[in-house]
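Asks: This is the structure, below, for whatever I ask next.
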Amino acid sequence: MSLSSAFRTVTNDPGIITWRIEKMELVLVPLSAHGNFYEGDCYIILSTRRVGSLLSQNIHFWIGKDSSQDEQSCAAIYTTQLDDYLGGSPVQHREVQYHESDTFRGYFKRGIIYKKGGVASGMKHVETNTYDVKRLLHVKGKRNIRATEVEMSWDSFNQGDVFLLDLGMVIIQWNGPESNSGERLKAMLLAKDIRDRERGGRAEIGVIEGDKEAASPELMTVLQNTLGRRSIIKPAVPDEVTDQQQKSTIMLYHVSDTTGQLSVTEVATRPLVQELLNHDDCYILDQSGTKIYVWKGKGATKVEKQAAMSKALDFIKMKGYPSSTNVETVNDGAESAMFKQLFQKWSVKDQTTGLGKTFSIGKIAKIFQDKFDVTLLHTKPEVAAQERMVDDGNGKVEVWRIENLELVPVEYQWHGFFYGGDCYLVLYTYDVNGKPCYILYIWQGRHASQDELAASAYQAVEVDQQFGGAPVQVRVSMGKEPRHFMAIFKGKLVIYEGGTSRKGNVEPDPPVRLFQIHGNDKSNTKAVEVSASASSLNSNDVFLLWTQAEHYLWYGKGSSGDERAMAKELAELLCDGDADTVAEGQEPPEFWDLLGGKAPYANDKRLQQETLDIQVRLFECSNKTGRFLVTEVTDFTQDDLSPGDVMLLDTWDQVFLWIGAEANATEKEGALSTAQEYLVTHPSGRDPDTPILIIKQGFEPPTFTGWFLAWDPHIWSEGKSYEQLKNELGDATAIVRITTDMKNATLSLNSSESGPKYYPVEVLLKSQDQELPEDVDPTKKENYLSERDFVSVFGITRGQFVSLPGWKQLQLKKEAGLF
């Protein structure tokens, strides 16, 4: 097959294209069979997504556990050719059965099914309406599940997983006693998907709870008739998981094969910086053997680029890692989000921005504007998300200080003054369509005691409970105040390095104080106390030098007019009047005397603000096993927020922890520590003081919902639970009738020398009794139809037909010409 012919289906339209290697040729897999993989084969999958106006493509070649070496080599070659065909920009992935990447599994929301056999044994990907099936599927996983065909025996079962007995016209789900509701729900959705996609909706589904088998005697009879007498079920088998701590260890190697042998040289370990990557070379990034990345520089030769995957496999062999280790190759300038976030920061070069921080979300620049239309924040939550603002800060503000481990209200005139020796709670109330909404900020001073830090967290829970769990909780570390926090104090936020604001404080104020004032409007301005020495100055900012008798407002050469105006307002608040303005370079001698004399300070021209390339990511978090585990959800939607889970949304400069209404108590109580551990163990070496926002299901602010396309606030009230879906399946009567018919047909097949007592439809349609076969009862012609013909003639299964009243059966037989 020519390449142009093999890739003729490739377009820039979003979606998934799957090919199977058949006799060393690429053969397209029908859409209805996507997610089904034969264990004896190799596949190539192309995923195309649009992020704004940009195209993102990923090529995966999948290796079945029983595939031949020739097929694996062929798949690798076709992957390289497809990459060339698409201009060398796609990210390439090597996927091995049972060890697929989160990205790969994320394509198949209903799950992956591993099927026995392959091309060599004549197995084909068939279209819908196939009922000649008899298999047992072992279903594992909770979010992106995998179902493997296993031996039709009770020996295949265990207490912790879900199993589907698929008999074509009947699918029976057996839930292990130790499986959770999420796994059961996903398995049921898989059973429904098999019914609808492969059986045209014409199959019956039944469910057995493994710890309540006596409640489903009819279904258990079907299982035992098929699998034999029930034996003792084996204990649960723990899933193979990699904790976040293991993933946090990364190593960068330079790769060379100039001597004819693979040579790898260690370059650096965590934290990695982007500047380590030379555009003329190739590198391997090793994530503790859990995943291998190969980075191909733009200046590397074509031969070097094409050999990248084989180099990775040689590296895996050299390190003694399992052959199933996941490999991802990325191109210089087209790196995946997962690769970029292994670095301390990843900048987009040659892009100019203003003074504010800029993020490139999916490579589309999102600039934090100084001014924005507040009315857009709730009608367009994506604006709120990008701006990190729920409103303009004009809501109601209440402030408490932790004093003797209790909450003490802070008087209004002291709102906006925060001391490094204290902890505070700030409750912000705003209105959305007549409904009050709340944000609870927990501000923790750098010099606060451990008891006060613990008390602030405890008191936050108390306040949260007073409002029915509605507040969004935001942990704020001193100096890391988010924009909305600054906005509620209207440009009059002052942070003292130490001390306390509590009454009766006997600690004297220092004779000289120096404040660095940063910000250019009322939503982003604050004054932060720094060491009162000349070395603290910076030419790009404004500083206030304060003493009891004198006040100087020092304008650095690089400060803007807006910054100076905001600093002047703040200085008037701190000085109870005007301060003397001093331009950099025109300082009087007493100015330097107060700072202890002149000293070198940062006086370089303001650096152009770099553009950070950030991909917002969603993770499922768990620490209930004692190990901290995170699983990424790729191409996430609101549907991925399951009420039974704790989810983490990482927007880089802040982290949201979303707590589902049905999450277990342990994970709810440990929410903050979960988010903190995520930051500490992040491979890139994240700032542990990154703001953390804790959000409960049903109380999501627009700064959170804006990251999800078409957020639906009613999705959980309208969505169906596992129990509701289970109840919709009906009783077991139809299943028993169908399986009885199937058993009788099998018995007649085994006992009759003349073959099964089924006849073609055209034979049974004959109207004269004498023309019918001798063994056909003319009043019950439907009994002589095969299962497939029965569904074809009546449009329903045999079990559904039998459950109808007699007059309805008669009517259908007349309409079909079988009466």
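Backbone N, Cα and C define each Cβ position, glycine as well.
Not my notes, these are from Swiss-Prot:
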type: REGION; residues: 1-731; note: region 'Core'
type: MOD_RES; residues: Y85; note: phosphotyrosine
type: REPEAT; residues: 524-592; note: repeat 'Gelsolin-like 5'
type: REGION; residues: 628-819; note: region 'Required for interaction with F-actin'
type: REPEAT; residues: 631-704; note: repeat 'Gelsolin-like 6'
type: DOMAIN; residues: 753-819; note: domain 'HP'
type: MOD_RES; residues: Y758; note: phosphotyrosine
Asks: Could you state the whole-number distance in Å separating the C-alpha atoms of Y85 (phosphotyrosine) and Y758 (phosphotyrosine)?
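Replies: Checking the Cα atoms of Y85 (phosphotyrosine) and Y758 (phosphotyrosine) gives a distance of 52 Å.
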Asks: Can you tell which of the modified residues (Y85, Y758) has the fewest other C-beta atoms within 10 angstroms of its C-beta?
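Replies: Comparing Cβ neighbours within 10 Å for the modified residues Y85, Y758, Y85 has the fewest.
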Asks: May I have the DSSP-based helix, strand and coil counts for the residues of the repeat 'Gelsolin-like 5' (524-592)?
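Replies: Grouping H, G, I as helix and E, B as strand yields 22 helix, 21 strand, 26 coil.
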Asks: I'm checking region-level scores; what's the whole-number mean pLDDT for the domain 'HP' (753-819)?
Replies: 75
